[in-house]
Amino acid sequence: MLPTLNITGDVVLVEHLSHRIGKLGSGDLVLVRSPLDPNRTLTKRIVAMEGDRVTFSLDPTRSFSSRSLVVPKGHVWIQGDNLYVSRDSRHFGPLPYGLIEGKVFMRVWPPNSFGLLG
Amino acid sequence: MGTPSVLWNVAKKCFTVGVISLTVSDLFSSIVPVRGASMSPTFNPKTNSLLESLSDDRVLVEKLCLSNYKFSHGDVIVFCSPDNHKEKHIKRIVGLPGDWVGTIYDVVHIPEGHCWVEGDNLASSLDSRSFGPVPLGLVKGRVTHILWPPNRVSSIERKTSRNRVSPS
């Protein structure tokens, strides 16, 4: 999630209300349960909501190989900010909305990058 | 007289009971009504799918299994629908990650972190045959007992169909 979040050591505040009342949109940083391992949680950014068309390339170093699809109902498309190393919806497909656990809205540690995120 | 303090005491007790029961319901177990006939004859053997009625089965759902998401073939689980996170479904786990499950048309490999669910009443069940493997993160609990109606109180047994599932 570089450059938004550091590789390790950041402490962020997550609120668990927005996803319950449907106030999430594209561009939000969210905490999700991994579809590949239910014991892990991931932090990614929502790029597209259900019904949106998303265009992506599996290999960002080769810009001419791109695919496009429409996000199905009840799902969102998440991507990490560091496209080169992130494993996200480009690899495991659209994410069911029920796997979203919360929205990241603020970073509290390290102190020199204290502030609102997203 | 002492009415405001009586009301305050009652309010405090209600709040405490509310918080405790919410915690128990979230972390340990809760009681859930079963709608629909997709799990006949295990639940709701007499179908009355148009009316939400008192004769619906009520089942005990335990949430302790969510600490490590370890399930077995034949477990009955409650999970959020992949198409609509506000709906919950109750189905039986037929395939676990790595299994190969046979449907009418082909054989499906269950990816890591997902499971294949089917209702016991295959004729009228919306399950993995329609919406594909379900991520285990969507599971909200496992059904252990039927609590209502009283003549059908029992524990739920694991039922597996070994002829359609090839384990990893």
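Placement of Cβ uses the backbone N, Cα and C atoms for every residue, glycine included.
Taken from TrEMBL as is:
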| type | residues | note |
| --- | --- | --- |
| DOMAIN | B:8-103 | domain 'Peptidase S26' |
| ACT_SITE | B:SER38 | active site |
| ACT_SITE | B:LYS91 | active site |
| DOMAIN | B:109-148 | domain 'Peptidase S26' |
Report, in whole Å, the straight Cα-to-Cα distance of B:LYS91 (active site) from B:SER38 (active site). 8
Can you check which residues sit near B:LYS91 (active site), meaning Cβ under 8 Å from its Cβ, same chain, 6 or more apart in sequence, and list them in order? B:SER38, B:MET39, B:VAL76, B:ILE77, B:PHE79, B:VAL117, B:GLU118, B:GLY119, B:SER125, B:ASP127, B:SER128
Inside 10 Å of the Cβ of B:SER38 (active site), count up the other Cβ atoms and send me the figure. 25
Within the domain 'Peptidase S26' (B:8-103), count helix residues (DSSP H, G, I), strand residues (E, B) and coil residues, in that order. 24 helix, 26 strand, 46 coil
